[in-house]
Amino acid sequence: MTNIRKTHPLLKIINSSFVDLPAPSSLSSWWNFGSLLGVCLGVQILTGLFLAMHYTSDTATAFNSVTHICRDVNYGWLLRYLHANGASMFFICLYLHVGRGLYYGSYTYSETWNIGILLLFAVMATAFMGYVLPWGQMSFWGATVITNLLSAIPYIGTDLVQWIWGGFSVDKATLTRFFAFHFLLPFIVAALVMVHLLFLHETGSNNPTGIPSDPDMIPFHPYYTIKDILGFLIMLTALSSLVLFSPDLLGDPDNYIPANPLNTPPHIKPEWYFLFAYAILRSIPNKLGGVLALVMSILILAIVPTLHVSKQRSMMFRPLSQCLFWLLVAVLFTLTWIGGQPVEHPYIIIGQTASVLYFLIILILMPAISLTENYLLKW
């Protein structure tokens, strides 16, 4: 009798994706982040669902409802901090996942890569709207500043901003619609994840060498299921430690002050995971130019496959490209630091230099070094 997991209409889909899936034998721990992102999404949807049962999306009661969750709801504090810090873990895994794709040349699977970029935008939008919901000072002013950027769009900008706000300022209508979209988007993200996996399983996984691994495949279960479970345990240990020992480490103290439209905080800044893009936005003195640079800082990932001119797929055997890649990582850390600093000397010039370097490395230096390495291969 044939095994039920191979014949049942639903089970055979799961079987072909997670059990009998042929996987390259050389996958390193850098390939763990896809499954870790799945766990993060599950944690966020579950904790978010329970938080939504107690949260009220009204400007008069939103801040108090979050306080009520923390003080009066059984384990409400745990749910709230798991959700807030879960977002940070989500972005850590997300950036490492994208970094892995850049380093090992996974972007040559263009459909999977493009769906991944779409997922990145969707998760960023979800996180931004979620940050507005507690209705603290940074929530309110963050929402005001970031949505106001759309007014830089010629001709329709002002109308577009007022349409998003649902009025002439960030108010009750804005909060209600942000809550609705923040609840809806994770399910759209989950659907996009399915499409992401569908395209990935069409081509099979890349591997650290960048060389086709068809002659050397192993079943996903038990080898990579065990490896993934170890990854889950490490990540959940890190998340639990953050939540239980220093839950406010990555947050902003200003968000414990109720939103006040009449009092602007001295330094308006988004959550840490958006600071690199915020630094790029601020480094350009023109509003429209800043907005374009902000969008391009993420959208630039879409042209990376076009800029790949190397004869080798992975950077594993390309030391010059490796140096450039780690310089790019250093630039991103610098931008993240600058995004959290006030707009004054010397931070302005450091931010502008780092922003120029960011685009220069990806658009010009990476392809140039790849061509140099191609030339060196002939020697």
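Using N, Cα and C of the backbone, Cβ positions are placed for all residues, glycine too.
Features as listed in Swiss-Prot:
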TRANSMEM  33-53  transmembrane segment
TRANSMEM  77-98  transmembrane segment
BINDING   His83, His182  heme b b562 binding site
BINDING   His97, His196  heme b b566 binding site
TRANSMEM  113-133  transmembrane segment
TRANSMEM  178-198  transmembrane segment
BINDING   His201  ubiquinone binding site
TRANSMEM  226-246  transmembrane segment
TRANSMEM  288-308  transmembrane segment
TRANSMEM  320-340  transmembrane segment
TRANSMEM  347-367  transmembrane segment
**Message:** Say we define neighbours as other CB atoms within 10 Å of the CB. Which of the binding-site residues His196, His201 has the fewest?
**Reply:** His201
**Neighbourhood of His182 (heme b b562 binding site), C-beta criterion under 8 angstroms, separation at least six** = Gly48, Thr126, Met129, Gly130, Leu133
**Message:** Nearest of the binding-site residues to His83 (heme b b562 binding site) by CA-CA distance, picking from His97, His196, His201?
**Reply:** His97
**Request:** May I ask which residues of the same chain, at least 6 positions away in sequence, place their Cβ under 8 angstroms from the Cβ of His97 (heme b b566 binding site)?
**Result:** Phe33, Gly34, Leu37
**Asked** Under a criterion of three or more Cβ pairs within a distance under 8 Å and sequence separation of at least 6, are the transmembrane segment (226-246) and the transmembrane segment (347-367) in contact?
**Response** no
**Message:** Cβ under 8 Å, sequence separation of at least 6 from the ends of the transmembrane segment (288-308): give me the contacting residues as numbers and ranges.
**Reply:** 98, 102, 105, 107-108, 110, 113-114, 117, 120-121, 124, 149-150, 152-154, 276-278, 280-282, 355, 358-359, 362-363, 366-367, 370
**Message:** So if I draw a 10 Å sphere around the Cβ of His83 (heme b b562 binding site), how many other Cβ atoms end up inside it?
**Reply:** 21
**Asked** Going along the chain, which residues at least six beyond the ends of the transmembrane segment (33-53) come within the CB cut-off of under 8 Å?
**Response** 69, 79-80, 82-83, 86-87, 89-90, 93-94, 96-97, 100, 182-183, 186-187, 189-190, 193, 228, 231-232, 235-236, 239
**Prompt:** Under a three-state reduction of DSSP output, how is the residue listed as 'ubiquinone binding site' classified: helix, strand, or coil?
**Reply:** helix
**Prompt:** For His182 (heme b b562 binding site), which DSSP three-state class applies?
**Reply:** helix
